[in-house]
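Visitor: The following feature annotations were taken from TrEMBL:
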type	residues	note
ACT_SITE	D130	active site, proton acceptor
ACT_SITE	H158	active site, proton donor
ACT_SITE	K258	active site
BINDING	129-135, 157-159, R422, 448-450, 531-533	GTP binding site
BINDING	D130, G157	Mg(2+) binding site
BINDING	D130, E131, G132, K133, N155, A156, G157, H158, T247, R261, Q341, T356, R420	IMP binding site
BINDING	T416, T417, T418, G419, R420, P421, R422	substrate binding site
COMPBIAS	29-44	compositional bias 'Low complexity'
COMPBIAS	84-93	compositional bias 'Polar residues'
COMPBIAS	95-107	compositional bias 'Basic and acidic residues'
REGION	24-44	region 'Disordered'
REGION	63-113	region 'Disordered'
Amino acid sequence: MATAAVAMEVHSFVFSAHSCHAPFTPRNSSSSSSSSSCGSYSSGSVASSKLALKQSEFHRGQREFVVSSTSRASAVGSGKQSGGVRSQAQVTQREVGKVKKEDKDGSSDGEDPFKALSQVCAVLGTQWGDEGKGKLVDILAQRYDIVARCQGGANAGHTIYNDEGVKFALHLVPSGILNMQAICVVGNGVVVHLPGFFKEIDGLEAQGVLCTGRLFVSDRAHLLFDLHQTVDGLREAELGGDMIGTTKRGIGPCYASKAIRNGLRVGDLRHMDTFRSKLEILFKDAANRFKDFEYNDSVLDAEVENYKKFAKRLEPYIADTVQYISNAYTVGKRILIEGGQATMLDVDFGTYPFVTSSNPSVGGICTGLGISPKRLGDIIGVAKAYTTRVGAGPFPTELHGDQGEALRVAGHEFGTTTGRPRRCGWLDIVALNYVCTINGFTALNLTKLDVLSGLSEVKIGVTYRNADGIQIRSFPSDLSVLEQVQVDYEVLPGWNKDITNVRSYQELPVEAQRYVERIEELVGLPIHYIGVGPGRDALIVKV
């Protein structure tokens, strides 16, 4: 068949023939459990020659990929088969492929259960955020070529650890940044506070993690200014006792600017001749709305000067990420999507108004990256083995007093972004089933199972009842109803064994296995990944 030369604006990062792209088998009644250390990789910097990236090539599209029509059809076709229809991903039996993988001795063969994850895979939160999504993204990133954020802003805090146990707290930069072979994308649905973004980059590069040439920001992403943060604080103060409990990072006001169409986008940094007049509109709006917001020409001029400097520094990072991701998909590159926050904070589906200002559910992927729904494959929902939330809002399974405090301390439940203590409670199956319905998850990642060790019993909230004792059949949108629900619990025996060093499902205490399997029964989905500690290797793979 004739060879077709396809000119692509896709960047030529290096693909290793030994990269861990190995499959897993969906859970069924006859499948046995397996374990995996999930591999490892170094987070140190690598030679620029290994990156094989020229920023000018990225922007000018000078790089050509020569793809035979056969291989091109195969790449696109396989993406559609495994990733185009979510129902196929849910029902297709996948054979675990044997791949050469180093063990601790660097010598043995093993199974990588991740290879059959689809060409486009998403990791989304199922609760009120802080579920530990970043850890799974960090692990999966070594199997993917591109890791992308699609919504939210610096209010999304992800804590991950490298192989040496070094802690990284990320807010805007995708968690895949620790995989030096991956390209990270901040999509058009994200709101970007440039001072914080540069601070994060500086911190990463100070620890040996190269960002330049590996991190790109959509020219369509909206800019979050300091004034948005000021407005956020003024808005919360105005609400008084009815405050939402935001992070005061300016996320809501920035999305409000976007919605009323007077926001500034990353692409506006390339037109500094009109930048001042556009920014002044934002200042005037804030001053008209809040009497305590004050500014003058010198304040505005100073901010413009700051952004002239920011524009020069950001230029190498700016890209048309919609076209970039589309081209990458077409030539068979693997794309991992990292959600921020979680569905129970979704502006449409969450406990409104105690929500974030974007869509952390599956729809936010398409609008925040420009990816067609047909291209989505595996969608992994991440849930803690219990439930937490930060800030105000209803929380039906919340534990008060000593029990709640014990969970908070054992789980180190303090916000990555704000340091605020998280409210803690039992796992809420009603909310989890609601979220599974919305997102169409193909599997779950249950995190922090180790935190429940030592409890004599563990509870699962399985049904809601109203004040009259009548079962509520769906998750209520009416907060006055939600705040008064009575929760029915199933009580299961706890376990005393420390499971932080367990790496095989069969090695878990029988009581812990029963807890996991009961959750699977209640939500009708397999739990393929179980977190038993903060480290990268503290993950049990159950397929």
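Cβ atoms here come from the backbone N, Cα and C positions, even for glycine.
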Visitor: Among the recorded positions K135, H158, K258, R422, point out the residue whose Cβ has the most other Cβ atoms within 10 Å, with all shown protein chains included in the count.
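Guide: Result of the Cβ crowding comparison: K135.
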Visitor: Going by Cα-Cα distance, pick out whichever of the recorded positions D130, H158, T159 is nearest to R420 (IMP binding site).
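Guide: Its closest listed neighbour, by Cα, is D130.
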Visitor: Using Cα coordinates, what distance in whole Å links the residue listed as 'active site' and N155 (IMP binding site)?
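Guide: It is 17 Å, counting Cα to Cα.
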Visitor: Which has the fewest other CB atoms in a 10 Å radius around its CB: N155, T159, T247, Q341, the listed binding-site residues?
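Guide: Each of the binding-site residues N155, T159, T247, Q341 was scored by Cβ atoms within 10 Å; lowest is T159.
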Visitor: Taking every protein chain shown into account, which of the binding-site residues G129, G132, G419, P421 has the largest tally of Cβ atoms within 10 Å of its Cβ?
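Guide: It comes out as G129.
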Visitor: Between the Cα atoms of T159 (GTP binding site) and the residue listed as 'active site, proton acceptor', what distance do you get, rounded to the nearest Å?
Guide: 9
Visitor: What is the interatomic distance between the Cα atoms of V532 (GTP binding site) and T247 (IMP binding site), given in whole Å?
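Guide: Their Cα atoms are separated by 28 Å.
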Visitor: Calculate the distance in Å between the alpha carbons (Cα) of N155 (IMP binding site) and G129 (GTP binding site), and round it to a whole number.
Guide: 10
Visitor: Rounded to the nearest angstrom, how far is the Cα of P421 (substrate binding site) from the Cα of G129 (GTP binding site)?
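Guide: G129 (GTP binding site) and P421 (substrate binding site) have their Cα atoms 13 Å apart.
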Visitor: Just counting, how many other CB atoms are there within 10 A of the CB of V532 (GTP binding site)?
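Guide: Taking every protein chain into account, the count is 25.
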Visitor: Using Cβ atoms only, which residues of the same chain lie under 8 Å from L449 (GTP binding site) while being at least 6 residues apart in sequence?
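Guide: Residues satisfying the criterion: A385, I499, A512, Y515, V516, I530, G531, V532.
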